[in-house]
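Enquirer: I am attaching a structure below and will ask some questions about it afterwards.
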Amino acid sequence: MLMASAVVVWEWLNEHGRWRPYSPAVSHHIEAVIRANPRGGSVVLGQVDSKLSPYIIDLQSMHQFRQDTGTLRPVRRSFYDPTSAPGKGVVWEWENDSGSWTPYDMEICITIQAARDRQQPWLDLTPIGFCYIIDFTSMSQINRQTQRRRRIQRRLDLTYPLVTGALPKSQSWPAGAGAANSSVTSASSTGINSLSTSIVAAASAPPPGQPCNCQQCMLVMSVKATAAAAAAAASSTLSPQNRKGKQAAPPPATVTRSPPNTKSGSPGAKPSQISVNSATSSSAPVLSSAGVASPRVTVSSASTGTIARSSLANLSRPTLQRIAMAQSRALIASGVPTVPVKNLNGSSPVHPALAGITGILMSAAGLPVCLTRPPKLVLHPPPVSKSDIKPIPGIGNSCRKTTKKQARKGKTPEEVVRKYLQKVRNPPEEDCTICMEPLASPSGYKSAQGQPPVKPDLVGKLTKCGHIYHLHCLVAMYNNGNKDGSLQCPTCKTIYGVKTGTQPPGKMEYHIIPHSLPGHPDCRTIRIIYNIPPGIQGPEHPNPGKPFTARGFPRHCYLPDSEKGRKVLKLLLVAWDRRLIFTIGTSSTTGESDTVIWNEVHHKTEFGSNLTGHGFPDPNYLDNVLAELTAQGITEESLRD
C-alpha cells in the first residue's frame, strides 16, 4: 500500500491516441457514481454536462459509448499530485480555429503550470513530443515550424476530486473484478510527480474457500482441472504395476523463485523469475501487460503438456492465469479444434457463470477450451488511401451541397391546395378527419392572419386518393407545414407535388472503397459521408432564431456497390437535394432537443458488424430503405425528373 494523497482525473482516448481529460465537474460526477455503486455500472454524462448528453461510460469495460453513433472509446482513471494544476483547479487552454477554447492534455497542462510557477518567460514543449513554444509574456502558443501563433489562456475551475489515505499499488476496478497498475513517475523537466493509474482486467485472489466467477478465475480453474486430469493419467502410467520394462520416473518437479534485484536504479534489474523444473526443460511464452514487468514463467516437464499437481498448487494465481492464456493461444495457433465458451462478459441471456462452468467441465473431460469475448463493434473499414477511393460509375461528381431554403414566391396557400382538389358540391355525411366536424358543416379552423379568407363550408376531394376534407382545413394544414408547394394526405400519406424537408445546410460525399460488407462478399462498398455543422434555426424549423447542435458528424454510412445499392444511392441523392435525409428535432436516443436527427430514412452506420442493428448483414435493408424513400415521394420516376 502506498500512503499518499492524489487528485483523480478521468480521461478518454481520442482518435489521435491522446488521453483527453474530462472536466472537474464530470470527474466529480463519475466518482460519486462509483461511491454509490462500488461494483460498477454506467455513468450518464449528460446529467452533469448537457453537451455530453449522447455519452455514457460503462465502468465494467472502461469505455465511453456514444448512443447516437455507437462510437466506443477507452477511458481511464488517473491520479495526479495534489499540488499540480488539476489539484489547484488550473486549466490551460488554446484557441482553436472556430474561436473557442480547447483544454490541453493533462500532462501538458501540468508542465505549463509548473513552468509558470517557476516564473519562466517561455516553455519549449519539444522534449515531451510537441513542436510548440509557450510564450507566457504574450500568452501565446508558437508553432516552431510554421511560426503560427495561437492565443492561450489560464482559467480557474473546480479542483479535481481528492483521494487521501492508503492508495493500493494494485487497485481493483470494478470492486473485486479488476486491478489497476499504478506507477509513480517523476517528470524531471517539471519537478512534478504524477501518479498514473491504468485500469486493466486482472483480479486479486479471493479469500480461501470463496471462489468467484470472474473471467480470470474461470481460466485458473480450467487450468487446474486440466492439470489434475493430466496428473492423474501420469500417476496411473507410472504406478508400480506399470513400471516393468519402462524408464524410471523423472524426479518430482520443483518450484524455485530467484530473488529480485533490489537496486532500484540498476539497469540490470529484472522481475522475479519462477521456474518449474524437472528432467527436461521447455520454456513457455512470457505474457505481460504493456509497461508492467511480469514474472517470467518457465514450465518444464518430462512429457509435453504434463504438469504435476503439487507444482500447480504452489504457483501464484497470476502465474496460473498466464499459463491458461498461453495454453489457449497455443491451441489456437496449432490448429487444434477448440470449443468457444462465450458470454464471460454477460452479453447474452446465458449467465456468465454458466459459461464458465461449461468451460471447467469441458476442460476436466480433456476437451480443449477456447475462451472468447463477445464480438466487437466495427464502425469503420480499414484505412483507405486516396488512390484506392474511386468515383461511382454513372453518377457525376462525388459531392453534393445544400444551402439555406429559398423563400418560394407566387402562389398563395389556397391556390396550392386547390391545384390538388376537385370541388364536392354535396358532401357525404361523415366527419372531416382534420377538424373532426361534419363535412356538411363549416370548418372548425379560422383563417390565418395575413391570408385571404376562405369560405369555411367549401369541401374538396384529393384527386389521387379520393379523400375528402374542408378546403379551409387543408389550407390550415398547409400553413403549418413546410409551405413548399406540396401537400400530403393526412389519411393515406399520398404526396401531391414535390415534397421537400427542413434539412439544415451541409455536404454529402460518396465514393467507392475497396472493401466488402458482411453479406456482400462479391462487391465493393459505397461509402457516404454526411457533414452538417451546427447553426441557427430558420423560419421552417421548430424554434426559429435559436441555435441547433449537430452531434456525431461527419457520419459515415455504407451501401453495397451492387446494382440495387447504386439505385438506392441515386434516390438518396434526390432525398438530399430535397432536404429529406435529416431534420431538426429531439433525439430519440439522448433526449436532446434542437439537434440534427435522422428523418425516417434509415442508414447503415456499422461497416463490419451488426451489433446495434445499423450494420450488415441485413438481407432486407435495401428493400426497406426503398420503401422508406417511396413514403417520402422519391421513386424511380424522381430520377427522370
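In case you wondered, yes, glycine gets a Cβ from its N, Cα and C as well.
Feature annotation from TrEMBL assigns compositional bias 'Polar residues' to 255-265. Taken from TrEMBL, the feature compositional bias 'Basic residues' covers 401-410. Per TrEMBL, domain 'WWE' is recorded for 1-77, 78-154. Taken from TrEMBL, the feature domain 'RING-type' applies to 432-493. Residues annotated as region 'Disordered' in TrEMBL: 234-280, 382-413.
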Enquirer: Taking every residue in the domain 'WWE' (1-77), what is their average pLDDT?
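Expert: Taking every residue of the domain 'WWE' (1-77) together, the mean pLDDT is 84.
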Enquirer: Over the span of the domain 'WWE' (78-154), count residues by DSSP class, listing helix, strand and coil in order.
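Expert: Tallied per class, the domain 'WWE' (78-154) gives 19 helix, 29 strand, 29 coil.
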Enquirer: Can you count helix, strand and coil residues in the domain 'WWE' (1-77) using DSSP?
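Expert: Breakdown, helix to coil: 19 helix, 32 strand, 26 coil.
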